[in-house]
Amino acid sequence: MHSTNLLLEEPIRMASILEPSKPSFFPAMTKIVGTLGPKSRSVDTISSCLKAGMSVARFDFSWGDAEYHQETLENLKVAIKSTKKLCAVMLDTVGPELQVVNKSEASISLEENGTVILTPDQGQEASSQVLPINFAGLAKAVKPGDTIFVGQYLFTGSETTSVWLEVSQIKGDDVVCVIKNTATLAGSLFTLHCSQIHIDLPTLSDEDKEVIRKWGAPNKIDFLSLSYTRHVEDVRQAREFLSKLGDLSQTQIFAKIENVEGLNNFDEILQEADGIILSRGNLGIDLPPEKVFLFQKSALHKCNMAGKPAVVTRVVDSMTDNLRPTRAEATDVANAVLDGSDAILLGAETLRGLYPVETISIVGKICAEAEKVFNQDLYFKRTVKHVGEPMTHLESIASSAVRAAIKVKASVIICFTSSGRAARLIAKYRPTMPVLSVVIPRLKTNQLRWSFTGAFEARQSLIVRGLFPMLADPRHPAESTNATNESVLKVALDHGKVSGVIKSHDRVVVCQKVGDSSVVKIIELDD
């Protein structure tokens, strides 16, 4: 296993830890995905979330209908315009998730050593004696002695709000369980997780397909979070489905690894998916506690070497109800960054948490501090060694741009790209400075109308560590041919100056295509 990329060669002066951090336009290189819900769906709150550092908005269809989420999305669009901050949209599928709907929303008290029946009869009311579930095949999937976890949707892991059950007997379609700990289940939706048991339900359900078709396609979602990805075929089938929905052929698929099946098929899934979400909540139930860190470090390393974004979930659960994270959570966020995470995904913390904006802000600050002690030199050498020789042309250009930027202490790398691939390859080498990804739009036609590409590519870089996109004006050349022409490069430099990442006399590394050649050049700015 590869060690954490922590810079320890230079002794840190302990008193320097107490010095205030310098303000920055970019809160952190590590991106933050926020789940929008009851506590975070107003225009004002979303605007504050964007300013605090949220770059991807997640819409979770495990609860709420399309109309509810559409209202939230419209508020997001207003917030984007008012803050002038780009934000991508992620749709999270339900998949083969086992659920208990608590129609009355009354709290359900369960006592240790008592019994409760899990039944597929959804006509029954949820109570301390019976929990109706959405899966008729549970009695055939489990056996006496198996463990089942039940918690509030997006559970925080608190033993007082979640319960462990042990299967004691099967009665027809019903499963009788012994309660292992006293708990009170609160809320309208509970989820069940059967430890290391195969659930015979499709990864992309008919309900998921309907939501994608009727909500995802009209809204041109940037990412599809494929819940409970178990096999590489799950990703292929989802991609085939998206390819038939017009613009969604460009939507990136992030495979959500939530159980042992996904873990066992991780390498094949990684090759096919556009990115990976490590769903540590459910996976933490399937794995022994002492093995969770090993999975995280190994999975993140594999994602890094493949150059695919990796997202870590469940980091500051306690901030759902508290203004500050625990010491363990603060350390966990930092370690996720040092392990190689591209983004941190916040679930309950922003969906129903009391402090969504503060949570995003604090997580961003922790990420920024961790990035300062990331051993980029060690990481760079390891990545180059893994890529091997001969490198592809694009890989060689990307690694050279990063090495040059570090050697000359450049303040930023500017990369001109159409597909976004060149910028993502630069980000793969984890430069210590921001990468300004200037997306050059391309004109395309279907014989009936013209349209520009580029918006998808720009937004999809919002989940990649260190990439900050801007859409270029297609009327301007990539570089001016004379002093009077306004070039895209000048616009990019001006954007960097306004953002505060570029100052007078700074050095900037530019990566662009000139004719058929790819060029890396270093420019030094005048006053």
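Glycine residues also receive a Cβ, built from the backbone N, Cα and C atoms like all the rest.
The following features are taken from Swiss-Prot:
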BINDING   ARG58, LYS256, GLY281, ASN282, THR313  substrate binding site
BINDING   ASP60, SER62, ASP92, THR93  K(+) binding site
BINDING   ASP60, PHE61, SER62, TRP63  ATP binding site
BINDING   GLU258, ASN282  Mg(2+) binding site
SITE      LYS256  site 'Transition state stabilizer'
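Features recorded in Swiss-Prot, as mapped to the structure shown.
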residue	record	contacts (Cβ under 8 Å, 6+ apart)
ARG58	substrate binding site	VAL33, GLY34, THR35, LEU36, MET90, ASP92, SER225, LEU345, GLY347
PHE61	ATP binding site	HIS69, LEU91, ASP92, THR93, VAL94, ASP208, VAL211, TRP215
SER62	K(+) binding site	ASP92, VAL94, GLU97, GLN99, TYR153, LEU189, THR191
LYS256	substrate binding site	ASP92, GLY95, SER225, LEU226, SER227, TYR228, THR229, GLY262, ILE277, SER279
ASN282	substrate binding site	HIS193, GLU258, ASN259
THR313	substrate binding site	ILE277, LEU278, SER279, ARG280, GLY281, ILE344, LEU345, GLY347
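The K(+) site is set by ASP60, SER62, ASP92, THR93; from the centre of their CB atoms, other residues of the chain with a CB within 8 Å are ARG58, PHE59, PHE61, LEU91, VAL94, GLY95, SER225, SER227.
Sequence-distant contacts (6 or more apart, same chain, Cβ under 8 Å) of TRP63 (ATP binding site) comprise GLY37, TYR153, SER188, LEU189.
It is GLU258 that, of the binding-site residues ASP60, ASP92, GLU258, has its Cβ surrounded by the most other Cβ atoms within 10 Å.
Of all Cβ atoms in the protein chains displayed, 26 besides its own lie within 10 Å of the Cβ of THR93 (K(+) binding site).
Cβ neighbours within 10 Å of GLY281 (substrate binding site), excluding its own Cβ and spanning all shown chains: 21. Site extent for substrate: the farthest pair of Cα atoms among ARG58, LYS256, GLY281, ASN282, THR313 sits 18 Å apart. DSSP assigns LYS256 (substrate binding site) to a strand segment in the three-state reduction. According to DSSP, ASN282 (substrate binding site) sits within a helical segment. PHE61 (ATP binding site) falls outside any helix or strand according to DSSP and counts as coil.
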